[in-house]
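Colleague: The following block contains the structure, expressed as structure tokens.
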2 protein chains.
Amino acid sequence: MPASFPPLNLPTRLLHGPGPSPVAPSVLEALSKPCIGHMDPEFMRVMNEVREMLQAVFRTENEMTLACSGTGSAGAEMLMDNLVEPGDRCLIGVNGVFGGRLADKAGRAGGEVETMEIDWGLAFDQDTLIARVEELKPKLLAVVHAETSTGVHQPFDRLADAVHKHGGLLVMDCVTSFAGLPVEIDKWGVDAAYSGTQKCLSCPPGLAPVTLSERAMHKVNGRGSKVNSWYLDLTLVGNYWSGSRAYHHTAPVNMNYALHEALRLALEEGLDERFARHESAHQQLKAGLLQRGFEYASDPDHSLPMLNLVKVPDTIADEAAARKRLLNEHNLEIGGGLGALAGKCWRIGLMGHGARSENVDAILAALDSIG
Amino acid sequence: MPASFPPLNLPTRLLHGPGPSPVAPSVLEALSKPCIGHMDPEFMRVMNEVREMLQAVFRTENEMTLACSGTGSAGAEMLMDNLVEPGDRCLIGVNGVFGGRLADKAGRAGGEVETMEIDWGLAFDQDTLIARVEELKPKLLAVVHAETSTGVHQPFDRLADAVHKHGGLLVMDCVTSFAGLPVEIDKWGVDAAYSGTQKCLSCPPGLAPVTLSERAMHKVNGRGSKVNSWYLDLTLVGNYWSGSRAYHHTAPVNMNYALHEALRLALEEGLDERFARHESAHQQLKAGLLQRGFEYASDPDHSLPMLNLVKVPDTIADEAAARKRLLNEHNLEIGGGLGALAGKCWRIGLMGHGARSENVDAILAALDSIG
């Protein structure tokens, strides 16, 4: 057993995988401000401002909007645990790893889970989803807005009515799209959504923005059974984030500072300008990749700007070794394929602070050097 | 809806409540190092070193030792969710808020929960606990080592044999004692324990150190039912922290940097020296408080050095207003009473970096000024 280790000496990476993404200097600076108490009135002010800015990025007026004290996966679980009661029929769209996880979580929450599966790399046709909703009348439909495993952008604007008609709730995973693409919670009638901080917000990982509509909270407040999780129980967490301010858990104080600054930067830039910047970096990367003979592996009509799924070129025999070279020789991180796409695809992220022309240039130059 | 808020402008507090505690400058510096990927080999090295240092502070050789990606309450839930199967009889010692929460969590995990309750402010007699274990033969006995709500230090050294004799597991909450008092996981035969980063480790809140014995992992690996939680499922989380290194969730990278530095400082100081420093600050505070007519509200034979529970003096009519003055006029945070002790007691913390003579002087001076 060593007495101790030396202080951390870490490389500086160009983060262009599926997240975490490059963090702006002022966000790291906010992260390291002196810690204050989780019940300090000044921290309550931080929480209020975080909530207000989250509402702006979610484009919602939902009162129940907060940063769940865990990573994006905890946010997903918070929604499933609170919105699903034992025996509830849930319909989950599965076209990648993260849809599959939602199905797993809905099942652990006691739901009777039906999945709707299509090939990875494709988006669901909304009419097909609606038809299945008409048939099953599920208590909950959950679909991934931006599949981080496939780079697919799922249209969401026409799903709510069919779900609501049968008293169901519409749930959205917007982990990778939040702050990089329009996420229109109120306009699209989404009842509950969750994200993560380490994608297009360019904040380190550790918190999960979530938002729930009044319709969703009606379901939560009317539950006949206790939520599986105490840590993620929204009636308890919600009382800490607003209302009575009753102590629940000790919030990750400094992570909330960082989220505050990341949200501030996003709103200062302007959401539409930020979306345009992501799209512009994507177009530049795409042109460069196509020019070099790379092929996209996701439906070109539904490509995410911030997550580019490309086939590993035939010229590269060992894709893991190639990614290792990018990391060791260029400090460039790109992502390997997940699940069924492992070994076959690469995922190149252009998220948040990293969605810039100079970053695209660096990515293409590094790819050239190992080609 | 505001376009944005100004950057955070926060006060610097003297943190002497129940946690978070004062954070050492080098921990804040580590926190703000550039983020790298959660699958980066360099981050794997960070995780390995964190695990090794956690083992040293837990005084254990348990392979399954890691930092759960949530606050201390998530660590508690991780243990209950994984160790309790539906119908398992669980015996939980309740002599404060956190024992009560353990009982709640064991119940949500499906356990048949029996509580053993004594007055808040007292410690359990180990023989009485053992007798109840002989009677009930529970699958799990969970007791709080350092009750943050009452300042009570629970002896733990003689409990394991009786629990193990009936095939049960011994679980310990050492949220507030970890790195401030001896926590002898292996010597005391504790099968599973959890802590938080924001107490005597003096790291910001956001991670929960946990450790599980082989006996505990045998139970986890032999479960007949799925764990309630996907996020906290130890077979999945464990594979990310060691072994196959399979991606599970995106670890809070920067929080792990901070934990690495906090652990490093604790081991560099020496655990025994650190415990002695906590005890010395406590004795100084206690002498000063008694001299000023304060009375301790917990059993004097079982007082925690790092958490001092005192009765609110009769001379203070409005205790919340008095704490507000301490905060506003002296930037000093102390804790109010929790649960049954709300309005009646104060909790004065001397944790980690804050367990120093000059801090005690500042606390006493501030109390004098409002007295």
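A Cβ is built for glycine as well, from the same backbone N, Cα and C atoms used for every other residue.
What you see is a predicted model, and the numbers here were worked out from it, not measured in a lab.
Quick paste of what TrEMBL says about this protein:
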DOMAIN    A:37-337  domain 'Aminotransferase class V'
MOD_RES   A:Lys199  N6-(pyridoxal phosphate)lysine
BINDING   A:Arg347  substrate binding site
Colleague: Ten-angstrom check, please: count other Cβ atoms within 10 Å of the Cβ of A:Lys199 (N6-(pyridoxal phosphate)lysine), all chains counted.
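Modeller: A count of 29.
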Colleague: What's the CA-CA gap between A:Lys199 (N6-(pyridoxal phosphate)lysine) and the residue listed as 'substrate binding site' in angstrom, rounded?
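Modeller: So the alpha carbons of A:Lys199 (N6-(pyridoxal phosphate)lysine) and the residue listed as 'substrate binding site' sit roughly 13 Å from each other.
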Colleague: As a test of the contact definition, list every same-chain residue at least 6 positions from A:Arg347 (substrate binding site) whose Cβ is closer than 8 Å to its Cβ.
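Modeller: Sequence-distant Cβ neighbours: A:Gly17, A:Pro18, A:Thr148, A:Ser149, A:Gly151, A:Leu307, A:Asn308, A:Leu309, A:Ile334, A:Gly335, A:Gly336, A:Gly337, A:Leu338.
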Colleague: Which of the three DSSP-derived classes (helix, strand, coil) applies to A:Lys199 (N6-(pyridoxal phosphate)lysine)?
Modeller: coil
